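Novice: My questions will all concern the structure given below.
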Amino acid sequence: MRHRIGVIGGGPAGLAFARVLHRHDCPVTVLERESGPDARPPGGTLDLHEGLGQLALDKAGVLAEFRALSRPEGQAMRILDTDGTVLRDWRPGPDDRANPEIDRGQLRDLLLGPVDVRWGEHVTKVVPEGRDGVRVHFADGREETFDLVVGADGARSRTRPAVSAVTPHYTGVTAVETSLDDIDTRHPDLARLIGDGSVAVYGVNRALVAQRGSGGHVKVYVQFRAPLDRHTKRDTADAGAVRSRLLALFDGWAAPLLDLLRHGTEFVHRPLHALPVAHTWAHVPGVTLLGDAAHLMPPLGAGANLALLEGAELAESLAAGTGDPDDTVRVFEERMWTRAARWASFTTAGLERLVSPDPAAALALFDRVQPPG
Ligand SMILES: Cc1cc2nc3c(=O)[nH]c(=O)nc-3n(C[C@H](O)[C@H](O)[C@H](O)COP(=O)(O)OP(=O)(O)OC[C@H]3O[C@@H](n4cnc5c(N)ncnc54)[C@H](O)[C@@H]3O)c2cc1C
């Protein structure tokens, strides 16, 4: 391959893409806005599905390392009523490796490996210029030209406008994230409540999920229906004020559930946005999108998996090097759109049920995905 390939974004999509190209000795430039791998806390834990994320890691040659690091026991899922009654207590079998969990930071390091990333590269605009290639503009005024630009730059992609005028819309649901450290020693009761994996509680138009990561780290996510401006324009830096608002919102729920919020340290607001289900675009030579940039959807366990597999698949097809790379991209896009549309439809309907006026709808969804017994 003699093409100059640039990928914007060093998240799951961009790193899987770069790592698979690297495995096939194909040069690629990774442009990442963050100043370094540890510039920001990496976030919580991800479950990687056998036929999606794990398949991508296999293509990247790191599946064995993933197996050594990941937590199959983290697949365990407990559902409680708002009064703390256990409604479901699902545990994986001893050989169940369908969706093991891995910390986001571990996944990033696994993929980074030998990949050379240009950190601190803030892309502002991507402009296709026909036969002259695709011009990438940076925040400091520099410009650089590539033959193929792959936008793996997430929800607020700066690459997307080069191919599509569509922007993400607010789903009506806001998530607030907090975390607890050293749960086993500092909060043993909460550690028992969460178990090896996750605990979820579904109330009327609100939900609470706590997920165990490695090293006794727990992420707590609450989700609730709210107008966009009501919860996002407030000062979210004041942890005490956010905590009080959340405790009021979940008033009446069992004390241990509220303790998950009481002991939370920092709070991060994430109003959930999504692109329309089945978002596609008229193919633009020299530019494509991967992952959230292409198909941002509600966070129900698919986004990172799709991002990884798309990155790996596109890289593998380009590395095979048969024919015009642009034809390869066209074929890839069709495949990505079809698969992503199925998941976008599933996760959109899922969010409606999980944060709904009828908590029984959430339980029914869980039973469909994870039948009891
Ligand atoms: C709370 C929560 C929980 C989730 N849980 C799961 C789960 O369990 N399983 C799952 O599969 N998915 C999950 N998801 C979804 C998953 O996080 C995303 O779908 C996934 O991270 C998308 O990967 P990506 O590489 O496309 O984008 P991102 O992960 O967003 O990565 C984009 C990268 O591009 C960089 N970037 C952005 N703009 C620029 C720019 N202008 N210039 C240069 N670089 C730029 C960013 O810094 C970032 O590194 C969850 C999401 C949330 C919010």
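Here the Cβ of each residue, glycine as well, is placed from N, Cα and C on the backbone.
Copied straight from TrEMBL:
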BINDING   Arg40  NADPH binding site
BINDING   Asp47, Arg104, Asp292  FAD binding site
DOMAIN    5-320  domain 'FAD-binding'
Novice: Give me the non-local Cβ neighbours of Arg104 (FAD binding site): same chain, 6+ apart in sequence, Cβ-Cβ under 8 Å, ordered along the sequence.
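Specialist: Correct list: Pro42, Gly43, Gly44, Thr45, Leu46, Ala304.
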Novice: State the mean pLDDT for the domain 'FAD-binding' (5-320).
Specialist: 95
Novice: Given the binding-site residues Asp47, Asp292, and counting only Cβ atoms in the protein chains shown, which has the most within 10 Å of its Cβ?
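Specialist: Output for this query is Asp292.
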Novice: Helix, strand or coil for Asp292 (FAD binding site)? Use DSSP.
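Specialist: The residue in question, Asp292 (FAD binding site), is helix (DSSP, three-state).
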Novice: Near ligand 1, which of the binding-site residues show up if the criterion is a Cβ under 6 Å from one of its atoms? Options: Arg40, Asp47, Arg104.
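Specialist: Among the binding-site residues listed, those whose Cβ sits under 6 Å from ligand 1 are Asp47.
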Novice: Over the residue list Asp47, Arg104, Asp292, recorded for FAD, what is the maximum interresidue Cα distance in Å?
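Specialist: So the maximum pairwise Cα distance among the FAD binders is 17 Å.
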Novice: Using the alpha carbons only, what distance in Å do you get between Arg40 (NADPH binding site) and Asp292 (FAD binding site) once rounded?
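Specialist: Answer for this pair: 19 Å between alpha carbons.
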